[in-house]
Every structure is written in C-alpha cells, then in structure tokens.
Amino acid sequence: MISTASPARPLVDRYGRHISYLRISVTDRCDFRCVYCMAEDMTFLPKRDVLSFEEIETIAGAFIARGATRIRLTGGEPLVRRDIMELVATLGARIGQGLEELTITTNGSQLAKHADGLAAAGVKRINVSLDTLDEARFAAITRRGRLTEVMDGIAAAQSAGIAIKINMVAMRGVNDDEIEPMMAWAHGRKMGLTLIEGMPLGEVGIDRVDSYLPLRELHDQLARRYTLEKLSKRTGGPARYVHVAETGGVLGFITPMSHNFCESCNRVRLTATGQLFMCLGQDDQVNLRDALRTGGAEALDAALDQAMMLKPKGHDFVLDRSSTAPSVARHMSVTGG
Ligand SMILES: Nc1nc2c(ncn2[C@@H]2O[C@H](COP(=O)(O)OP(=O)(O)OP(=O)(O)O)[C@@H](O)[C@H]2O)c(=O)[nH]1
Ligand SMILES: C[S@@+](CC[C@H](N)C(=O)[O-])C[C@H]1O[C@@H](n2cnc3c(N)ncnc32)[C@H](O)[C@@H]1O
Ligand code: SF4
Ligand code: SF4
C-alpha cells in the first residue's frame, strides 16, 4: 500500500536544490555485462535484502507526498525482475495523483514482451541503451546480448505508441565511428539519440582513460558537418539537447566529465535493497529499508529529511592515469545510472 500520511513538505537540500525526481533501481542483476558498466564476474546484492514491491511503493509514495513528480525505474535491467509489471502498474496508477511521469531505462532485451504493458500503465517515453548497430560489436560490448532482440523490443515499444530515446555511451576506439550512423538511424525512426561520457564507477572491462571521449570535442566536430540548433528543452535530466537540422532529430549530450551539471541536480537514487544514494558520484547514503522496517512512515519521512542534509554538492570524478582505482567503487548497475 502507498503511504500518503507524510506531510507535504518539499524535499530541498542544503544547496537549495528541489528534489523532484526519484530513480529506483529495482534489481542490480542484468542479462548483459556491458564492458563500461559491469565486470564479467559480479557479486550481486543478496536476494533476501531486496525490497518487496510493497516496500518500493511505500517509499515512492513518501517521495510523491513530499513533492516528487517523476519516477524512473532502472537497474541492473529493470525488466528482468520477476513480475516487474505489477510494480509498473501500481506506480502507473499514481500518474495524475502527484506523479507526473513514470518511465524506465532499459537495455531493451525484454522489451518486446513488456511494451504493451508499459503503455497500458501510462509510460509514455522510455530510454533504451544501445551503443552500436553492428551485431558482432554489440555482442562484444554487452558480452551477452543479441542485437535482434533489442531491435524487436524497440519496434514493439514504438508500435505501442511509446516514444524512445536511445542512450549511447560514446567510447573512443570502440564505437566512435558509429556516432553519425547511429544518429541517422535513430532520427530516421523518430527517436532521439543521447551520447554519454563514460563515468568511472566500479572495476569493469575497458580502459576508461583510453576509451574516454570528451563530448565537447565531439560536439564541435559535429557542428562543422551539421547545423546544431541549441534547444532549451530539458527533461529534468543532465542532458543538453540540440536539434539537428539535416536529420530533423534531437541529439543529447550527457557530459559529467567535461561539463559538470550538478548545480541543477534534482534527483536521488534508491537501490534494490533500499539504500538511498544522494549522488551518483558519491557514497553518501541513507538506509530507507531499515527506517521503514523499524519505524514505519514517520521514520521514513525523517530519513528523507536526513537525506536532504547529506546530499553532496556534486561528484568528484577523476579520470587519469595517476588514479588507478575508479572514483566510486560500486558499479553503475547498483544505482541504475
Ligand atoms: N553524473 C550523472 N549522470 C547521470 C545523472 N542522471 C543520469 N545520468 C546518466 O545519464 C545516462 C542516461 O540516463 P537515463 O537513465 O537514460 O536518464 P536521463 O538521460 O537522465 O533521462 P531523462 O529523464 O530523459 O533526462 C546514464 O549514463 C546515467 O548514468 C546524474 O544525475 N548525474
Ligand atoms: C546502468 S544502466 C541500467 C538500465 C538498463 N540496464 C540499461 O542499460 O539501460 C543505465 C544507463 O547507464 C549507462 N551506464 C552504465 N555504466 C555507465 C558508465 N560507467 N558511464 C556512463 N554511463 C553508464 C548505460 O549505458 C545506461 O544507459
Ligand atoms: S548498462 Fe544496463 S544492460 Fe548494460 S550491464 Fe549495465 S545494467 Fe546491464
Ligand atoms: S553527479 Fe551527483 S550531484 Fe551531480 S547531477 Fe549527478 S547525482 Fe546530481
């Protein structure tokens, strides 16, 4: 059951930033092992510690009561969690009752079977992660995935009327030769494309320094070949968008490494086991599962206040040869990106 008992006090951190966006990692498990996200051998969170759907709904309800208007389900791969559509349906029922948007970030592998259910629950747009259009390269980057399944998933979501943004982690020497083809492909199918700079989280399968591609540089290169018109459009996320006159599509840039966007941060992240991380790039956390299990709605509300006091100003990502360890030890799959 979703709690509505909390007082309607907005969530504002020490720096005056309003937190209106909750990202929920429903599982840290995944059917892929993308080289920039996970290691080949991963130790996952113990299943017994994972929040039940009822607990996730209660926590989501507490956020909505405190002014959160957007929820994104992520992971790991959110669509591999058993019975995930039950959670999607319950959260979707909150749309229009405080919640303005429910969405999901997915690798697309299970999308074909869930696209209609997502649309029926009120999901209007989703982000699908795809770094290449080449089958062999796709298999190498994901270490597991089959490109045709993702393509089928994308087609099913489009048929269900869901708008799609493609997320592509841009990596020098891995997929940088595919940026223009990916843009033509996505824009030709009425999908947005957002390029992402790799972030140093967790020990993984690539050399992050060698593969780092500064997107400012890339933007300037593209600007010599295309007419890039800056858009004021913001989704509440860190991406900056341009309209590409030649393709008629939208291109986004997420640049945590080359341009820090933390001053306008509006989000926090709940892990599958109920830890609330206040920043993707820091370790500050509050245990909402313990608060909920031991103290109920009141303790949960107090834990949200504590979280606002602990939210850091921003990340301290470092990417150079002098720092061999990743800036943050946990993998992206724990907090869901
Ligand atoms: N550093 C940083 N990166 C983020 C943040 N939010 C999302 N990202 C990264 O952006 C990439 C795309 O994330 P998505 O889950 O698709 O979300 P989004 O692009 O914020 O989605 P929109 O709501 O459509 O703007 C991932 O690699 C995330 O790790 C953030 O607050 N800080
Ligand atoms: C962690 S995944 C979780 C959701 C889903 N499994 C997917 O891949 O879309 C969320 C996003 O984070 C991105 N990501 C993962 N590791 C990253 C890293 N180290 N740096 C930048 N983006 C990363 C992925 O490409 C994906 O777009
Ligand atoms: S990026 Fe997404 S699909 Fe790839 S390993 Fe991480 S969680 Fe799985
Ligand atoms: S790095 Fe942290 S503070 Fe910066 S935008 Fe991301 S979550 Fe917010």
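Every residue gets a Cβ built from N, Cα and C, even glycine.
For 14-238, the entry in TrEMBL reads domain 'Radical SAM core'.
Sequence annotations record features per position, and here TrEMBL assigns GTP binding site to ARG23, ARG72, THR105, LYS165, ARG267, VAL268, ARG269. If you draw a 10 Å sphere around the CB of ARG269 (GTP binding site), it holds 22 other CB atoms from the protein chains shown. The DSSP secondary structure for ARG269 (GTP binding site) is strand.
Secondary structure from DSSP puts CYS30 ([4Fe-4S] cluster 1 binding site) in coil. Sequence annotations record features per position, and here TrEMBL assigns [4Fe-4S] cluster 1 binding site to CYS30, CYS34, CYS37.
Counting only residues at least six positions away in the same chain, the Cβ atoms of PRO256, MET257, LEU280, GLY281, PHE317, SER327, MET332 sit under 8 Å from the Cβ of MET199 (S-adenosyl-L-methionine binding site). Taken from TrEMBL, the feature S-adenosyl-L-methionine binding site applies to TYR36, GLY76, SER129, MET199.
Neighbour count (other Cβ atoms within 10 Å of the Cβ, all protein chains): 22 for CYS265 ([4Fe-4S] cluster 2 binding site). Taken from TrEMBL, the feature [4Fe-4S] cluster 2 binding site applies to CYS262, CYS265, CYS279.
According to DSSP, LYS165 (GTP binding site) sits within a strand segment. When the Cα atoms are compared, ARG269 (GTP binding site) and TYR36 (S-adenosyl-L-methionine binding site) turn out to be 20 Å apart.
Filtering CYS30, TYR36, THR105, SER129, ARG267, VAL268 by Cβ distance to ligand 1 (under 6 A) retains the following binding-site residues: THR105, ARG267. For SER129 (S-adenosyl-L-methionine binding site), the same-chain residues that are 6 or more apart in sequence and have a Cβ closer than 8 Å to its Cβ are CYS34, THR105, THR106, ASN107, GLY108, ILE166, ASN167, MET168, VAL169.
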